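Annotation comment: TrEMBL describes B:28-47, B:53-71, B:78-99, B:105-127, B:134-156, B:182-199, B:236-257, B:269-295, B:307-326 as transmembrane segment.
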Amino acid sequence: MVFDVFFLQQVINGLSIGCVYALMAIGFTLIFGVLNVVNFAHGEVYTIGAFVGLMVITALAPPLLAVVPLVLAVGAVSGVGLERIAFRPFRRFTDEASQKSRAMREATLLSSLAVSIVTREIMMHIFGGDMQGIPSGYLLQQPVAIGPIMVASGSLVIFATSAVMLGALQFLLYRTQTGLGIRAVSNNQLGARYVGINTDRTIVTTFAVGSMLGATAGILVGLYDGAISPHMGFAPGVKAFVAMVMGGLSSIPGAVACALLLGVSESIATEFLSSGWKDLITYSLLVITLVFFPQGLFGHGRERA
Amino acid sequence: MDVNVPDARLMPATLAPPAAFSGRGRRFAWTLLLLAVAFGAVPAAIVGTGSSYLAQIAITTMIFVILSASLNHVTGTAGLLSIGHAAFYGIGAYAAALLSTKLGLPFIVTLPAAGLIAALFGFLVALPTMRLVSIYFAVATLGIGEMIYVILLNWVDFTRGPMGIRGIPPIELFGWQADTLLSRYLAVAVIAVACVWVLHRLTHSYYGNALRALREDDQCADSMGINVERLKIESFVVATFFAGIAGALLAHTSAYIAPDNFRFMESILILAMVVVGGLGSLPGAVVGALFMIVLPEALRDIGDYRMIAVGATMFLSILLLPKGMLAEGTALGFVRRSFSRGWATIAGGTPVGWK
């Protein structure tokens with residue numbers, strides 16, 4: 001009885017939500033990897049992606065495939081801008097006392113939060129606080145029949161886009177010089193600097209790549225749900241953050257796996273519980289995971305700080 | 001090391017400022033000034049203007065002073081980044097509200113009970129999560145905070161869910177009712193000052209130094225014989241106790257509470273107070289709370305742009321003072337100051353010492 005058609009459909013819905021969380025969680029993981037700081041403004045990049053997509057759609061009415069590169073470009077620009085404003089000023093202290101200082105690290109975390117507040121409020125001013133509808137021609141909600149199951153076309157688009165982006169990311173990280181630099185900096189920033197890697201440029205690149213993934217997730221969700229608002233980035237941002245930590249902070253496969261797990265369990269939970277209790281499942285999974293795996297599911301053991 | 005540079009701190013004793021303005025004396029003067037503002041100027045302003053708006057802001061500020069001072073105890077002094085503090089504030093508020101509306105218990109019982117219930121939850125949360133380090137602990141507190149929020153919101157039979165709890169009786173002590181604006185403010189202010197004083201005694205002691213040791217390096221502290229696990233749990237329980245007290249004060253002064261008062265953004269606001277004021281510094285936590293509550297109110301005139309200005313001010317204050325407005329003094333700075341003071345007069349007025 002459990003494996004009926006409806007259940008399978010819920011799993012597929014969950015997987016598509018999970019893919020969105022995964023795209024965001026990868027951005028978190030990449031940025032946390034190189035800087036060791038949580039980027040609280042990642043949810044705002046997601047919102048910017050959605051709103052720029054909407055603006056382009058209403059102004060120019062381009063084909064859907066043309067929207068994606070544009071959103072990617074906007075994501076990259078906002079990532080670079082974010083790094084400039086919220087993170088670079090705090091790297092001016094290079095002495096050991098500042099680098100080990102907890103106050104400094106928490107200050108960087110809160111500076112990204114302050115930037116995210118300002119960004120969100122500015123977007124509220126421009127677009128208003130209400131939900132905005134996406135023109136119906138672009139909605140990805142047509143049902144598609146695969147055998148006995150009906151799937152929204154948006155799910156398929158999300159799967160396809162995520163697969164392409166994950167493949168591209170894998171290529172970037174493991175087959176190019178830039179990717180080697182990113183991996184080196186996240187392994188050991190000082191060591192990377194000693195062997196001649198331009199760490200500042202690598203960090204900027206990482207922000208650009210991570211924010212491209214986040215902005216894409218934003219426009220995909222906008223097209224899938226049909227409505228966007230300046231506050232839309234908050235909930236998926238927290239979920240993606242949770243997925244990153246469950247996966248072990250530094251592991252991209254771990255973050256993706258946990259994001260999919262969260263998406264599916266949320267979607268199945270709505271079948272048994274009223275939607276208000278849905279979030280309880282996410283956070284219980286998080287706490288249980290951390291109690292039994294204090295370094296996350298795929299994390300490494302603790303290094304001597 | 002440059003030893004011959006004249007420096008105000010290295011002046012001969014005869015030129016040094018009078019004792020009342022240095023060290024202990026200056027601290028005493030500042031404390032007196034703050035107490036005079038809290039118990040003189042603010043009540044006078046409330047009575048003078050009779051404005052309930054002013055009284056409300058003053059009460060909110062006092063409640064947040066308790067919250068940020070207690071978060072500073074666990075995050076600033078003991079170094080455990082907690083981003084779920086508002087949940088324990090909520091537990092305290094709901095405990096006080098339910099005990100007084102359903103069981104009719106008086107304030108003298110609900111206030112400590114709210115603190116103890118929040119501390120009990122803090123203890124239960126701390127037991128499994130204390131093995132976690134750095135960001136893992138932070139995320140665990142985030143998760144638990146959100147779980148508590150979801151429960152407050154959805155367990156309608158017990159908490160009345162999103163409708164919140166109404167008609168919570170005001171503060172009342174042995175027949176004396178705090179029903180005027182002034183008496184409500186004074187009751188909250190006295191309790192807030194008492195809480196800050198207790199936290200001050202806790203952190204400025206050998207016990208507080210042990211907490212700082214585990215903030216700097218818990219493995220090292222462990223190897224020197226400090227019971228790290230136990231101290232972490234204790235500091236978390238103390239912080240949640242005071243958060244519960246703050247919650248009870250909120251419930252009894254506003255007469256109405258709803259789950260939205262205790263969301264994630266509220267935890268972040270408290271954290272922002274502590275960081276803007278200076279992580280690890282108790283006066284900083286107090287000043288941070290004042291700053292973050294009064295600033296949005298002072299900017300009310302610019303209306304819709306208010307939150308942008310608040311975010312921008314927060315960003316600038318972190319950018320320009322990354323260690324906070326009243327940063328915690330460093331151990332090295334303390335040693336240098338002590339030596340400089342000792343050496344300043346040795347060579348017959350010639351400045352000697354560390355720069």
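Any Cβ shown, glycine's included, is placed from N, Cα and C.
Where the transmembrane segment (B:134-156) meets the stretches B:28-47, B:105-127, B:236-257, B:307-326, the count of C-beta pairs under 8 angstroms peaks at B:105-127. Among the listed stretches B:28-47, B:105-127, B:182-199, B:236-257, B:307-326, the one sharing the most Cβ pairs under 8 Å with the transmembrane segment (B:78-99) is B:236-257. Contact between the transmembrane segment (B:28-47) and the transmembrane segment (B:182-199) is supported by 3 or more Cβ pairs under 8 Å, counting only residues 6 or more apart in sequence. Contact between the transmembrane segment (B:182-199) and the transmembrane segment (B:307-326) is absent: fewer than three CB pairs lie under 8 Å, with pairs separated by 6 or more positions in sequence. Under 8 Å from some Cβ of the transmembrane segment (B:236-257) lie the Cβ atoms of residues 59, 62-64, 66-67, 69-71, 73-74, 78, 80, 82, 85, 88-97, 100, 107, 110-111, 113-119, 121-123, 125-126, 130, 164-171, 184, 188, 191-192, 195, 199, 202, all in the same chain and six or more residues away from its ends.
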